[in-house]
Amino acid sequence: MRHLLDTRTLSRDAAIRILDVAEDMAATQSRDVKKLPTLRGKTVVNLFFEDSTRTRISFEAAAKRLSADVINFSAKGSSVSKGESLQDTAQTLQAMAADAVVVRHGASGAPRTLATSGWIDAGVVNAGDGTHEHPTQALLDAFTMRRRRHGDAGRGRDLDGYRVAIVGDVLHSRVARSNVWLLDALGADITLVAPPTLVPQDVSRWPARIIYDLDEAVDASPDAIMMLRIQSERMTGSFFPNEREYARQWGLDPVRFARLSGDTIVMHPGPMNRGLEICAEAADSPRATILEQVANGVSVRMAVLYLLLAGELSGPDTKENR
Ligand code: CP
């Protein structure tokens with residue numbers, strides 16, 4: 001595998017390798033080594049057809065800290081708005097000798113198309129495609145969980161038995177999908193909590209239990225509770241339940257937050273809808289890992305770029321190649 005397109009096909013060993021290299025990257029950052037020469041002479045293109053704050057900026061920071069040249073491409077203000085196709089955009093990047101393309105696209109499967117079309121030689125990293133996957137988000141989430149569980153003694157370890165509740169709009173969430181596949185590979189115990197109207201049809205085939213009652217999940221004292229953003233932009237009509245009903249039944253409000261076990265960490269991939277899926281008390285509490293997740297994202301993305309451009313994620317490490 002020259003690309004990182006999903007976590008569904010990522011083996012436990014490949015995932016742990018990425019998390020361990022991310023630990024090494026984090027260690028260099030904490031020693032105030034701001035720049036490593038590792039990717040000098042390489043070009044990383046951030047190709048974003050959908051809006052992003054965290055993912056785009058942290059891929060840019062990651063590439064720059066590895067001394068790569070970075071080209072930022074946003075569909076807004078580009079020739080995409082004049083009707084240029086993904087193929088022509090990709091071939092333009094090919095002409096600019098991109099070594100890695102980090103792509104976010106509204107269409108599920110667009111990164112795979114880019115990786116398999118032959119339009120481009122570069123390694124492709126999926127930075128979120130439609131409702132499909134967001135693999136580096138799941139990796140930084142797992143990295144955060146492993147650190148919270150093992151401190152900096154987590155190298156080589158998985159998340160065996162770690163209990164994670166993923167709450168909210170599972171139907172539209174690429175973050176939920178990537179987390180479910182990755183956390184399952186790492187041995188975690190996953191509970192999905194969602195309104196029945198926001199559950200994917202094929203959820204019975206996912207390696208997770210599904211419940212519909214957030215209070216039940218809160219009272220089970222998970223090790224981590226991950227609140228998902230309501231993805232209004234992916235809903236074609238009005239969604240049921242409406243916002244007030246959603247916040248009442250599936251929001252982490254102050255009452256539920258106060259009932260959560262003191263050991264439970266509160267996660268959110270961002271951006272948050274404060275007052276809808278998560279209250280300010282939870283989001284701003286010391287038990288929230290939301291900004292820690294953002295900081296860890298840089299180390300994880302440094303690891304992914306390093307491993308992809310060094311070719312170390314290829315071969316039998318992936319489930320696809322077994
Ligand atoms: N979590 C996440 O993907 O955030 P952005 O949309 O800001 O990149």
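Counting begins at 1 with the first residue displayed.
Even glycines carry a Cβ here, placed using N, Cα and C.
All annotation found in TrEMBL is predicted automatically rather than curated by experts.
TrEMBL lists Arg54, Thr55, His134, Gln137, Gly270, Pro271 as carbamoyl phosphate-binding residues, and of the candidates Arg17, Arg104, Arg234 the one it assigns to that same site is Arg104.
Between the C-alpha atoms of Gly270 (carbamoyl phosphate binding site) and Arg229 (L-aspartate binding site), the distance comes to 7 Å. Residues distinguished by a CB atom under 6 angstroms from ligand 1 are absent from the binding-site residues Lys82, Arg104, Arg174, Arg229. Straight-line distance linking the Cα atoms of Gln137 (carbamoyl phosphate binding site) and Lys82 (L-aspartate binding site), rounded to a whole number, equals 31 Å. Mean pLDDT for the domain 'Aspartate/ornithine carbamoyltransferase Asp/Orn-binding' (161-308) in the predicted structure: 95. In the three-state DSSP assignment, the secondary structure recorded for Arg104 (carbamoyl phosphate binding site) is strand.
Of the residues the record lists as binding carbamoyl phosphate, namely Arg54, Thr55, Arg104, His134, Gln137, Gly270, Pro271, the two whose Cα atoms sit farthest apart are 16 Å from each other. In terms of DSSP helix, strand and coil, the domain 'Aspartate/ornithine carbamoyltransferase Asp/Orn-binding' (161-308) has 64 helix, 24 strand, 60 coil.
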